[in-house]
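Student: Swiss-Prot feature annotations, pasted as is:
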| type | residues | note |
| --- | --- | --- |
| BINDING | Asp23, His24, Gly25, Lys26, Ser27, Thr28, Asn140, Lys141, Ile142, Asp143 | GTP binding site |
| DOMAIN | 11-193 | domain 'tr-type G' |
Amino acid sequence: MDKATMQDRQQHIRNFSIVAHIDHGKSTLADRILELTDTISKREMQDQVLDSMDLERERGITIKLNAVELHYQAKDGETYIFHLIDTPGHVDFTYEVSRSLAACEGAVLVVDAAQGVEAQTLANVYLAIDDDLEIVPVINKIDLPSAEPEKVRKEIEDDIGIDAEDAVLASAKAGIGIEDLLEQIVHKIPAPQGDLDAPLKALVFDSVYDDYRGVVLSVRIHEGIVRPGDRIRLMNSGSEYEVTEVGVNSPKPLARDYLMAGDVGYITASIKDIQDTRVGDTVTNAKNPAEKPLAGYREMNPMVYAGIYPTDNAKFTDLREALEKLKLNDAALEFEAESSQALGFGFRCGFLGLLHMDVIQERLEREFNLELITTAPSVTYHVRMTDGTEKKVENPAEMPEASAIKEIREPYVKAQIMVPNDYVGAVMELAQRKRGEFDTMEYLDSNRVNVVYHIPLSEIIFDFFDKLKSNTRGYASLDYDLDGYRASDLVKIDILLNGDQVDALSFIAHRDFAPARGREIAAKLKTIIPRQNFEIPVQATIGSKVIARTNIKAYRKDVTAHLYGGDRTRRMKLLEKQKAGKKRMKAVGKVEIPQEAFMAVLKTDEDEKPN
């Protein structure tokens, strides 16, 4: 293909993402676009086509970004090449959204005609505005009885500050307004820039491991051209490879002769070493390299840490390999090896939030056939020691002795909660119960309020989101950012079973709530841990002080069942023998701890009261 044809092709490319709050209809809209552009036949059509993981379909959420090439015959008679990148909407996966947007020139903003602008809508659209993307607003679900498109149009203009006069009125489910949207994409979103003659510069925005092809890199070509047979260099690691295949997803992989500036596609180069590739890296030509790499992505720091252990210690290496492969496909995941007296060898993993942790655990179990135990998630604490040194503690079991600690600082978040007027009281009560400090309250219109609180991250990570939804009948929406560290009066609570400390059950709590939490957890463990043949004392301690104790009663086998009549000394002898046996068992007995016990540490009775 000559240069003029390539330049003409570049002018017909449109790269865009779809961004929205959870459940506003992104994936359904993507389905309709694929259908209308004949990218996928009616026979192959299924709901959430771009959500390729079973897990995404089951939960009805998008977890991974997904890029696909479509061809659209516009009303001006020209054929345009669309690269559509579907993105997640949940706060835990904001990182996936920011990576998708870096590969685009425009963003389609989907807002539910009944729900209006919500917290994640704002968070995601601001990411797009920061990247200078052209925004095409779509008001979706206009066929719902509760739809108020004009009110939502005004919200988009007032809350986000973008012109919504031409906003597309659509119903992705019914297929209304999809053609208008495609025409707006053609006319509003600019074609990509990029010099075809310059040295190759391609940004890696995702990668996945394929057993046959090695690492498959998802790239946005910013400058130059790449073809099979080219020698490429990954600028971050300096490793060089020969390209075996380039292509696009449509939505299945289609090999191409080349990828050029403006294209979004994939490159394979028989990369077997997972450590060589990193999301945010720049791919260039080894013989004619670019001088400077592209600006990558800011590294995401994990918010939540938890231990993941194989139930069978022999599977430790399998777990390491599985985590390495997942890290390719999920750049925000962090892990390092650790050991626990109770659970053996495993990994301390860092996640962006609880949903992220849940998804990783489920993917490890499904995709790699592993049986795992996950400990209760915790956050990173900054501990200042009496000798002046600082220590970061990600695992409560590693918290130093209280006598050696000067102060403990915990991470706080700035939580923005958008809520209807009627539920402001319920939200404020919940935030205060979670040790939140009130910051500001802003009335967005006559019915909606944006409440801002500073809340310890440890109080948010477990069930704050669920509580918020149930206390406001699902109307409130939440977005939060890390807001530095603050000193708090915190203590470590250890759990002892049968006199032995179970390091994986240790947790950190505020001193004021520690005795109550200790009692609740001891009582909870009593119901969760199965009864044994001997009595098990369950104790919660702070240092050497026991703050709660309960006993798990033993099973009792009737050893005298076969006796009838006769001398009672025979009966007493058998009962004494049983007692001695139980005593011996108690001395050497190991207590089996089920998975629910680790999560019980986080749930408190106060949380479980019906709202």
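For all residues, glycine too, the Cβ spot is worked out from N, Cα and C.
Keep in mind that what you see is a predicted model, and the values were worked out from it rather than measured.
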Student: Give the number of CB atoms, excluding that of Asn140 (GTP binding site) itself, located within 10 Å of its CB.
Tutor: 30
Student: Relative to the Cβ of Ile142 (GTP binding site), which residues of the same chain, six or more apart in sequence, are found under 8 Å away?
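Tutor: Ala113, Pro149, Leu169, Ala170, Ser171, Ile176, Gly177 - these are the non-local Cβ neighbours of Ile142 (GTP binding site), listed in sequence order.
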Student: Under DSSP, is Asn140 (GTP binding site) helix, strand or coil?
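Tutor: Once the DSSP labels are grouped into three classes, Asn140 (GTP binding site) ends up as strand.
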Student: CB neighbours of Gly25 (GTP binding site) within 10 A?
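Tutor: Cβ-Cβ neighbours of Gly25 (GTP binding site) within 10 Å number 24.
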Student: For Asp23, Ser27, listed as binding-site residues, tell me which one has the smallest number of other Cβ atoms within 10 Å.
Tutor: Asp23
